[in-house]
Amino acid sequence: MLEINYDTKLLGVVGENISYTLSPAIHNYSFQELGINAVYLAFDIKSDEFKEIFPGLVKIAYGLNITIPYKEIAIKYVEAQSEAKRIGAINTIFNGKGYNTDYIAIKSLVQERIDKFETCTIFGAGGAARAAIFALHDLDCSINVINRSKEKAEKLIEEMRNKNIEIKITYNCKSDIIVNSTPNPDFVPDECVNGKLVIDFVYKPVITSLIKRAQNKNIKTINGIEILVRQAMEAEKIWFGKSLEDEEVVNYLYARKLIW
């Protein structure tokens, strides 16, 4: 049990309507196991109060995570670093600097899972697709996008073109890597569950219908909880220079019945 004292460091996640977040459970468990005197809270901030509250949080908190819908606006309040600056979104803050550990998580997990790939199809054109696009582009992957809203997909393509990243709208989903960045795993039709690797950002349940379909075809997978835990541990490395192993954190979440 954490004993809060004068030296206890304050960290937390900033978002709106984030009662679902697993971040406090993940980080408080990790801090306890690593012997770090810190506490991690959820800061649920309404959009009309963000500009008033957020700058103060940046000043008093030892470190922060940023989640929906503030990953893009929060970058204006910090000095964005490397990938975060290119992506135009941050999810981690430390010492007034902004980082994107979503990018680090996806890139590292893909490299661990498969070593040869050329093409990628991403379902969805929202915020979750951003880090995946940059990570896969930096791994020399040719990227296609499938999205219900053609207008939204075209807007994403134009935005990426301004960052020297070429992506295409496609209806041909035959690729080495398939990514679901939407909230609905069933948005990916069966004929598109192919290639070498399937990635699903959804983490409740951990084994989504998409992950299950991929496993039934003996395709390698990366599930949403792997991405969530990896980006969290990468954030801890930025804050404290150390972290737990991903597997230990995942096992803890299962034991607490926080994931299933």
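Each Cβ is built from the backbone N, Cα and C atoms, and glycine gets one as well.
Since the structure is predicted, the reported quantities are computational estimates derived from the model, not experimental observations.
Per Swiss-Prot, the feature active site, proton acceptor maps to LYS71; the stated evidence is sequence analysis. As annotated by Swiss-Prot, NADP(+) binding site applies to GLY124, ALA125, GLY126, GLY127, ALA128, with the evidence given as similarity to another entry.
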Pairwise Cα distance for GLY127 (NADP(+) binding site)/LYS71 (active site, proton acceptor) [Å, integer]
9
Check: same-chain CB within 8 A of NADP(+) site center, minus GLY124, ALA125, GLY126, GLY127, ALA128:
ALA129, ARG130, SER181, THR182
Sequence gap of 6 or more, C-beta under 8 Å: which same-chain residues meet both conditions with respect to ALA128 (NADP(+) binding site)?
SER181, THR182, PHE201
Distance, LYS71 (active site, proton acceptor) to ALA125 (NADP(+) binding site) (CA atoms, angstrom):
16
Integer Å distance between the CA atoms belonging to GLY126 (NADP(+) binding site) and the residue listed as 'active site, proton acceptor':
12
